[in-house]
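Some notes on the structure that comes next.
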Amino acid sequence: MAHKKGASSSRNGRDSNPQYLGVKKFGGEAVVAGNIIVRQRGTKFHAGKNVGVGKDHTLFALADGNVQFGVRRDRKVVDVVTE
């Protein structure tokens, strides 16, 4: 008989990193050009006036102003309203 038992292996021990998605600047909040407004997978929110889209569908401000959420043609849209 063997002196040592076979070393058991665990099937656990893996976990993916959090993605930190979601709305970063809410309606009415002031933003500076370049601020991230929404981090998302796919276009849950679409870009409106003064809002750009990154390659991972991140929405960001193109101008200084206030964030405004709305609906146009059954799409949720994010605008940056400048004074």
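Along the chain as shown, residues are numbered 1 onward.
Yeah, the Cβs are placed from backbone N, Cα and C, and that goes for glycine too.
The feature compositional bias 'Polar residues' is assigned by Swiss-Prot to 7-19. The list of residues near the compositional bias 'Polar residues' (7-19) in space but at least 6 beyond its ends in sequence, with Cβ under 8 angstroms from a Cβ of it, reads 39, 41.
Sequence annotations record features per position, and here Swiss-Prot assigns region 'Disordered' to 1-20. When DSSP labels each residue, the region 'Disordered' (1-20) comes out as 0 helix, 0 strand, 20 coil, counted as helix, strand and coil in that order.
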